[in-house]
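What TrEMBL says about this one:
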COMPBIAS  13-22  compositional bias 'Polar residues'
DOMAIN    535-660  domain 'STAS'
REGION    1-26  region 'Disordered'
REGION    665-684  region 'Disordered'
TRANSMEM  184-206  transmembrane segment
TRANSMEM  218-236  transmembrane segment
TRANSMEM  265-282  transmembrane segment
TRANSMEM  294-315  transmembrane segment
TRANSMEM  386-409  transmembrane segment
TRANSMEM  421-443  transmembrane segment
TRANSMEM  449-472  transmembrane segment
TRANSMEM  479-507  transmembrane segment
Amino acid sequence: MDEGSRNKRLHCPSTNGTTQKPMESKEGAHCLEVIPASMEVHRVEQPPARSFCQKLKNKLLEMFFPDDPLRQFKGQSTKQKWILGAQYILPILQWAPHYTFKLFKSDVVSGLTIASLAIPQGISYAKLANLPPIVGLYSSFVPPLIYAVFGSSRDLAVGPVSIASLILGSMLSKEVSPIKDPVLFLQLAFTSTFFAGLFQASLGLLRLGFLIDFLSKAILIGFMAGAAVIVSLQQLKSLLGITHFTPQMGLVPVLDSVFHHTKEWSWETILMGFCFLVLLLLARHVSTKRPKLFWVSAGAPLACVIVSTIIVFAFKAQHHGISVIGKLQEGLNPPSWNMLVFHGSHLGLVIKTGFVTGIISLTEGIAVGRTFAALKDYRVDGNKEMMAIGLMNIVGSFTSCYVTTGAFSRSAVNHNAGAKTAVSNIVMSITVMVTLLFLMPLFEYTPNLVLGAIIVTAVIGLVDVPAAINIWRTDKFDFVVMLTAFFGVLFISVQEGLAIAVGVSIFKILLQVTRPRTVVLGSIPGSDIYRNLHHYKDAVEVPGFLIISIEAPINFANSMYLNERILRWVEEYEEKENAKKHSINIQYVILDMSAVSGIDTTGVTLIKELKKAIEKKGMELVLVNPLGEIIEKLQRAAETRDFMRPENLYLTVGEAVTSLSSSMKIHPPTTYDEEAQAAVPHPN
């Protein structure tokens, strides 16, 4: 710094119309910065008066209607309002009047493409849920028709999914055996589907979709990876030809069952299963590397089903250790509302199963829908999706279907195949209907090993290693949450592993609430900007001031911590200043409350107690930029009306320091200051 510029930052007499502001450099030297006395100090405005009902209304609107769905009705005629209302409830009315033959051609191609994937996956996932294979096809027929009417996504392909199938099958089989009592198991599956749909639709109707946000990205990545491993290991039963296999889902029981039944291994099954698994993985790899060849992985499962069925039929392989699906029932979905069970000892089980599968399938469906909507630059309404998915599961429970949602693999194929509207779901549903009516005898000789290979290929995509690496780089605590979900699913159970991971995430939130971030601010030289001393190297402490920023709401959960932390900072700064021979004692403690979004009664009490404790030390407490809600509550507290005085309330930290510096009791200048001051020409 040259001599001239240095003199500008040193003590100057007050006769030239300036105010003295003490500053401390990083080296500890003290100087007095010149501050224009004419700098305006802005007044902190009082918030406009609002009644309790107005405040409550605004809070409820922000909580339940952040998207303001009624704004589209403003300024519209009565007829137009009715039309908009019908379109809001039935999204199909938005695009159906503008539907063209060109769009239909694209939707037919994509619908037939996803049908070729949905048929073998439907059969496979039903077996994963310990249900008859035909139920998987039923679930690929009715729900897509319901979604086409009520859903808001153009790309979502609806049907059974692996994770929901795994959870439903594992939770129900803990109390009811699907082999010993298949009818009761089927009844519980349909009832669980009803409760899943009821819960999903209720979330959409009451606009409580924020509840599913507790399933963070880290939880979902770890949970799905763990579930993918468990699902794949479960398929060893089909790929190895084991007859007696454990119904448990943990890693240890599954591996124990595999190696304790080596005598049941069938080399014919292993050879045939390995060949089809390699073919499916190769087809997936080709489509991943070249997206234009998406039809390779989309058509591979159905091709493998056809080829394997022909091989089994031609060589009578069912008599040589190759297990087959067997004869399947022909015809459309039979009604099942008479099979729903709303009483008895299993009512708690079906409610719990419906809740867990409903949450998981809803999260997956909305996430998939929003992913592809972002790619095509259109909007998916989360509440409409909850209603659509919930309604299709409620109707599905009446028509022999189990839990369905938007599947990622099928939706990706639907997107790549050029789907334009939800008509692709209708085309897929019609194709499944034709299969149910006329093609069911063809699946009698389909080997179970090919269904196992299809499942393994489908769930491999759930193991997202790049996303896990990104979480590790971004947030180590989130990585721990992800590992908790992953290992919880592997070594305990699917639902308990998920619950533990959610618990760890909530614990993280509680830590953030009870231990909010607080930092000490310093001045950026040459400006009125104040930033974290530990973050900005150029920031310097302001002698006589302790400036603290609170970056969280103040409430009963963190008031005690904030009280102890702030007073400890005061004591530490007092000790540090006392250790210096030429220093300025703390005279003002400034709380920057710009980031404090709310305060409760305990928080107001904290401010009062802090003020008393700080005043006992001969200092003053100053608040900077408190929000309207905080000002109102401080006003109502009779003992804290003095906070409303101009000298205790400022709009910015810079204005507070500027205004209060003029009244500070400053120690005599140090030797450095005196030498520098001598170089400044004084007026006579």
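Note that Cβ sites are derived from N, Cα and C of the backbone, with glycine treated the same way.
Residues 64, 129-132, 135, 168, 171-173, 176-178, 212, 336, 339-342, 346, 349-351, 353-355, 357-359, 361-362, 383-398, 400-403 of the same chain sit 6 or more residues outside the transmembrane segment (184-206) yet have a Cβ under 8 Å from a Cβ within it. Residues 166-167, 170-171, 214-216, 218-223, 225-227, 229-230, 249-252, 356, 360, 468, 471-472 of the same chain sit 6 or more residues outside the transmembrane segment (479-507) yet have a Cβ under 8 Å from a Cβ within it. Along the domain 'STAS' (535-660), the predicted structure has mean pLDDT 85. Among residues of the same chain six or more beyond the transmembrane segment (386-409), those with a C-beta under 8 A of the stretch's C-beta atoms are 117, 121, 126, 129, 131, 135, 138-144, 146-147, 150-153, 156-161, 164-165, 168, 189-194, 196-205, 209, 333-337, 340, 357-358, 361-362, 364-366, 368-369, 458, 461.
Across the domain 'STAS' (535-660), DSSP helix (H, G, I), strand (E, B) and coil residues number 63 helix, 21 strand, 42 coil.
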